[in-house]
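Following: one structure in structure tokens, then a few remarks.
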Amino acid sequence: MRGSGAKIAGVLPLFMLFIAGTISAFEDIERLRIWPLPAQVSHGGRRMYLSGDFKLVTEGSKYGDASGILKEGFDRMLGVVRLSHVISGDRNSSGTGGSALLQGLHVIISSSTDELEYGADESYKLVVPSPEKPSYAQLEAKSVYGALHGLQTFSQLCHFNLKKKVIEILMTPWNIIDQPRFSYRGLLIDTSRHYLPLPVIKNVIDSMTYAKLNVLHWHIVDTQSFPLEIPSYPKLWNGAYSSSQRYTFEDAAEIVNYARRRGIHVLAEIDVPGHALSWGKGYPALWPSKNCQEPLDVSSDFTFKVIDGILSDFSKIFKFKFVHLGGDEVNTTCWSATPRIAQWLKKHRMSEKEAYQYFVLRAQKIALSHGYEIINWEETFINFGSKLNRKTVVHNWLNTGLVENVTASGLRCIVSNQEFWYLDHIDAPWQGFYANEPFQNITDKKQQSLVLGGEVCMWGEHIDASDIEQTIWPRAAAAAERLWTPYAKLAKNPNNVTTRLAHFRCLLNQRGVAAAPLVGGGRVVPFEPGSCLAQ
């Protein structure tokens, strides 16, 4: 918001305010109660209080906020800060000390655009002054989306003073310089195995912002159901569980817009040629036969016309540069078992494996024609890696050592190795999520640059709207710090961050996120009465 009319006396440049030296001892780091841990932090020992009419000021910013993204983010930040208690104290009185009253936040953004581009600058610099300094905190960022991250960090500095019943910031002055380690920090949700209503998906998106995750991988369809409306082929959503468990095209556009305004990309996935039985509920011609319904019919041009129609429709609303085409767990026996397709294979002198390659590469060409770069699951690389389009990103989920091989071949990679980053593995504790290193055994800088980041996967076979949040959180937060915080700042022993993660879990609870206890694996119940800090 430009030109609020507020005057800011003596706001100092961020670099002049930055105190030399950063937090290094883990004992001190654990006192910070910030998650994920910023790149550089220094603080003092004073306190300030938030004014009752805490303001957003944008004088000097090139970003005009015509779309309201910054103002909405500021309002959300204040909302969660004030959510945990009723603020009944006089937040503007001398009782809090006039010089200790923080009047607002001065945000300066150097880019005038709010286009959400993959790889855009997400850095920010945050200064909260001491009581003797200017009465405005200052946040600088290259992009509005970096500023949103800064707002999240600012919200974690705010605490409720039980005696004065106002919001305070302890340990001022604060000086934080921060940016993400990886550009891709993802969370997968699966709406085929169990339908997730729109409010649930929006709640997941909101919770992602608290941990600075930035990609929602929407595994929309699979064998079990096809819940999304595709205007080009309107019978496809006949594969939904019921008419009430569907997403209209406008619903999908709303999810994309909701996420975008929070700095989150939406990666859409259609998993082909396997995992696609539900497609044939509306168009049986997509099946090899009525008795052999998966994978999709490789011999039929109609199959690829449908894929083209889906991706054409996707391109109207899913604006992320990538689309996910799956390609995993393809059992090709139906092709040889169906006489018509077996004859086609013979005519084209293809084995089942060669037909699998043909299908994946043809689907890739269709995606490229609609302006997308492609992500495929790792089986495509294992089976015919040298044939993949060079714009392919290989999504690792099976083999821990695959990332090294993918990057050595010159292809990009996303890490989701199931032994550590699959959230549906209920017995997997948060420590494994924290310790999982995307650069494991990769020391070459060029190969490291090809690792885009990582993603935790919330597969939907055994979760629905009733338990998705406590299955995701707090374990996803452990991975989020791995993907955000500089490697040198990460704890070598995950147990060293237990106190800070417990505070973040309590913070999620206070913000209405049903994050489970840390003790045990995922989705565990509290083992006895007690504080959320101890569980």
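Here the Cβ of each residue, glycine as well, is placed from N, Cα and C on the backbone.
When the candidates Cys334, Cys413 are compared with Swiss-Prot, only one is recorded as disulfide-bonded to Cys292, and it is Cys334. Note: Swiss-Prot links Cys506 through a disulfide bond to Cys532 (candidates: Cys457, Cys532). Calculated from their C-alpha atoms, the gap between Cys334 (disulfide bond) and Cys506 (disulfide bond) amounts to 50 Å. Of Cys292, Asn405, Asn496, Cys506, all annotated as recorded positions, the residue with the shortest Cα distance to Glu329 (active site, proton donor) is Cys292. The local packing around Cys334 (disulfide bond), expressed as other Cβ atoms within 10 Å of its Cβ over all shown chains, amounts to 20. The distance from the Cα of Asn441 (N-linked glycosylation site) to the Cα of Asn405 (N-linked glycosylation site) comes to 11 Å.
With respect to their backbone Cα atoms, Asn331 (N-linked glycosylation site) and Cys292 (disulfide bond) stand 11 Å from each other.
Taking the Cα atom of each, Asn405 (N-linked glycosylation site) and Asn496 (N-linked glycosylation site) are about 32 angstrom apart.
Annotation note: Asn441 (N-linked glycosylation site) sits in a coil segment as assigned by DSSP.
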